[in-house]
Amino acid sequence: HFFTNTTRVFFNFNKDTELVGIKDSSVLVYDVSKPLIDKDRRFAKPCFNASCEQGCDEMSGQCICLKGYKLSATGECMDVNECMDGKAKCDPEAGCHNRKGTYDCICGEDFYGNGKICRECKLKCPDRHYEVSPCSQEIQKICKACTQSCRTGYYMAQPCSSHENAMCRVCRPECLPGEFESRQCTNYHDRECRNLTNLMPPLTSKNIILEEKRHIKEDRAKLDKLPAHYVGFTRYKLFRGTGIHLELTVRFIDAAQQFVPISASHPFSLDLGAPSVLKSYSVQRYCSTPTPDYYILRHKKLENVTFKQNDNGSIDACETHKTSPDFLPSLAGNNQSFLCSQPGSLTNIFSIDEDFFLARTKWVDKSKRCQRNSRACEACIRKCGTDNMFSGDPTCSVAGTSSGGDDYAESPRLMMCYNCCVKRNCSTDCKDYHKRKCQPEQCSKGNLLEFTIEPSWDSSHDGRFFCHIGPSHQQHLLELDYSVHAEASATPLHVSKVMIYGDKLWEQTGAIQHSDGILDIAINSSLGTVPDFLEGATSFQNGVFKVGTYKSHGSQLGTSAIRPDFVFIRPSEPHGVPIMPGAHQECTHVALNNMLLASNMENPYIHDWKLEAVANGSFPFIITNKAQDPVVMATLPRNVSILKKLFAPVSLNVNSFSGDLRQNSSHWLVTVQAETTNCPGFLHMTLLDPNYPSKVLFDCDLAVLCPNKFSISFALPTADKLGLHRDVIVTVTDKMGENHFRIYRRASIGEKVAEDANSEEIVKPIASDIPTQYAVKGEKEKKDIDGQPVQEMTNLPLAFPYLLMLNGSVLLLLVLAILGLCFQPALPVPETPYARWYHPFFATGYMMFQFIYSAFVSGTIFFLILTVITSHHVNFVVSRGQSGAVSTASSHIELLQLQRHLEGEISKQDSQADAAQKVCMQDMKKIVTDMKKFHLLLLDSTKDIFERHRLDLLLSQQKLHVREKLMKDLENFRMFSITIAGWMVP
C-alpha cells in the first residue's frame, strides 16, 4: 500500500496524465508546472505564509489547484470542463458528463462499458468474463470477471462460460480412518479418498528385509497327533505375507489331558466296613482309595452317664476305679463318633428337647483305698453327729422344743460339741484320707448324645466303584523345532526349540497358551469342564471308564430338620469328610453342618456323556471328548515384530539420509536412501501425510543387512493434476530415538488458493504491471479488454498538422508535374499518325482520369480550408454530440434509479402487506378457534335438548304402555269377578 490518506501526487499540467484505480478521495492530486522537488531547497518553506484555497507549490510558493481545477486570475480554483475543452478521454461511442474536479464517461445506447472503453452490445463479453444481463432500454449489458480460483476447501466444479460464472463447491470431508487422500482438494479437482489396502508394499534394495505392518497376515496351522514312526518328519510352514515364513518340525505331541487318582487321607479306612471287592486288585490298580457313595450320620442317647466336663469345653471320662456301665469309657482313638452334653445346632436338626441334657454333680474317688478311707472318715463324722444329739449330756443334747421357737430345738452348744467329737475321734481316719491325696474328682451325671458317621459303598453291590481324580502335574504336551526364513537371506534368520508342559491353568481348564515372542501355540484338550470324578467296574476292566463332575451343591445339613435318628449326607468335595472331635460339651459341629444331604438312590456325580476315560492297565487315565479331538494350534501372529525380536537396534547416519518425491500419471513416488552406522540391525520407518498427522500411510520394520547402505521406494496412488505441490514426512526410529524428515516437491503450475473477488464494475481494464494497490498510468496505447489496440479519435484541431503535411505533398507533386510539362526538352515531332478506332477510347479515359484527379485535389484543398476555418464550430458540434450522449446516459441512470426506488417501494409495500396478512391470518385463526368452540358448545346444548326431548318421548310412551296394561288388567279382573259371581249365585 504505497498511497496513504495524506499522499499528494503532483502532475505536470502540460502532460496529459491521470491517476487510475483511485477509490479513496483523500489522495490529493495536483497539476503543477514543475513536479520535481529540488533537493537543495528541501529545507526551504516558501508556502509558510501562503494562503491558498487548495494547495501551495513547495517549489515556487504559488497557489496550485487540484487536478480538474485551474487557477484563475483572482487566485481562485475554478472547475475545468474537460468535456468542453476536449480533454475528456472517453470512447467515441460514449458521452461525457462534467463534474466538479472530474468527469464521467457513459457509453451510449447499444454499447456498454466503463465509458473509457465501450463495446457493442451484440459482441460477446471479453475473455475471462461472463454475461450477467444483456443490453436493454433500461440498463447496459453487464459483464463480470470470471472466478479464476476457489478459496481454500473448495474446488472448481464447473468452469466459467459465456453466460455463467465458474462454480466452486466444497470439497468432500477429510478422509476417514482406514483411508488415505489420493487426490488433494485444490482449485483443479475435489478431494478423493481410497482405502489403505490400495497401498502396495514398498520396494527395497537387496540388503533390506522389510515388513509393512498393513500387509502382514496371520497364519496358523493345526498340529496333528502323529504315529511314533512319523515323529520328527512332519513339517509345517507359516507365512507372514511379507516374504518371511516359519518352518516347524514336531518332535512330540500329546494334547489329551491325563488324570490320576487322588489318594485322600480321610478318617475311614477300607478295613473298617468296606466291601472286600474294593480291596481287590481289579480296583486297587486304578484307585487305591475309592470314594463312598454317601455317609450315614446317626445319633444315640446315653442316659445316666457319669462324665467329666473340662474348662475348655471338652468331655472326658472320670478317673475312677469303677467299671460300671454308668461311667463313660475312654474316648481316645475314636474318629467316627462325637459326644456332646449340651444343646446345639445338631440337636436342633434332629429335634431333641433341651431337657434331655439335665445333669447333676457327682464326686468320684480315684481308687479303692481312697474309697475305704473316705467311707471310714464319713462314718466317724456321721457317728459324732448322732451321738451328740442323743447323748445324756445336757450341754450337747437337744433340749427340746423351745418355747420361743428361735433355736429350732437345737442346743446352743451342739455345734461346738460336734466339732470337738470329730476332732477327738475322727482325726486319724480323715487325716489318712487327705494325706494320701485322695481328693475326690468332681464329675457330672446325666444324659449324653453320641453322633456317629460311617461310609456306605452301596455301588459296590452293583459292581461299581467311584474314584476322585485330578489332572497330572507337569504333563508333557508338546516339543517342536522351528526356523525363521526370509526371501532376502539364503540362511535361516533364527532357529529355536519349544517344549511345553502343563501348568496350573492347564490343570484347571484343560487349555494352555504359550508364546516365545515369535510363535504362539494354543493347546486345548476339548474337554470343556475338567472332570474330577470317575466311575469304574469292580469286575474285569476293559480300560474304559465314565467320568464327570462331583455334585458339590445341594441342601446343607445345617439348614434341614430331621425326624429319624439317622440321615444320608455327603461332603461338598470328594473325600471332604471332617474328623470327628471325639467329645464336646456343645452339640455343634460346623463341618457337619456344611455337609450336603444325600440319597441312596442317586450317584454322587454328574456323568458327562461326551467324555470318556481310557487307561492302559493302570493310571494315568487319558480323558478325551468323543465328539471333538484335542487341538494344537500354532499361530504366527500379525501383531508381533519378528525383525525387532531377531535384530538389535542400530543407529542411523542422519547426514546420509536423502529423499526424492516425484509424480507420474498415476502415483507419487517417494524414494529414501540412507545408511546405518553398522550392520546388520533393526530400524522402524513410517511415512505419513502432514495433513493427516495421526494417520500413518506406511508402517515398516526394517532389517538392514550388510552392506549398511539401503534404499526404499514408496508408491502412493494419486489422481492429482500434474505439477501440484506435495510433501510427506518420513520418521525413522533407530537406537538413539526418532528422526523426522520432510520430503516435498514445489508446485510447477500456478495454483491460487484465495478466490478472486467479483468486481462490481461493468468492465474492468487490465491492471498495470506495477504490483501496488494504485498504478500511475501515463500516455500509453489504449487497449480494450481483450488487449487489442483501440483507435482513439482525437479532436480535429490536433490533427491539422498531419492534414497540412498531406496536402503539401500533393501540391508539391502538382508543381513538379507542371514544371515537367513546361520545361520538357524538344523532341522530334513524329509524323501525324492516322486515326485509329481505339483512339477515342483512350482519349475519353484520359479525360475522365484527369477530371477525377482534379476533383480530388480540389476537394482536398477545399476540405483543408474548411477545416481550418470551422475547427471551433466542429469541436462545438462534437461536444454537443457528447452532451447528447451524456443526456441519454443520464436519462438511463435516472430511469434506473427510479426503477430501483419503485422496486424498493414495492418490496416495502409487499412486506407491509405480508405483515398485515400474517396479523389477519392470526385473527382468522382465533375466530376459527372460537367458532369451533361455539360449535362444540352448540352441539353439546343441542344434544342435551335432544336427550331431554327423547326422554320426554320415552316417558310418554311408558305412560301410555302402563295405562294400556293397567286397563287391560282391570278389564281382565272385572271379567274374572263377573265369572266368580256367576258361579256363586245358585
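The backbone N, Cα and C atoms fix where each Cβ goes, glycine too.
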Of the listed cysteines CYS150, CYS160, CYS175, CYS185, which one does TrEMBL record as disulfide-linked to CYS168? CYS150
Taking DSSP helix as H, G and I and strand as E and B, the domain 'TNFR-Cys' (124-168) has 0 helix, 16 strand, 29 coil
Per DSSP, the domain 'EGF-like' (79-119) contains 4 helix, 18 strand, 19 coil
Students should find that the Cβ of CYS168 (disulfide bond) has, within 10 Å, a number of other Cβ atoms equal to 18
Measure the Cβ-based neighbour count of CYS150 (disulfide bond), defined as the other Cβ atoms within 10 Å of its Cβ. 25
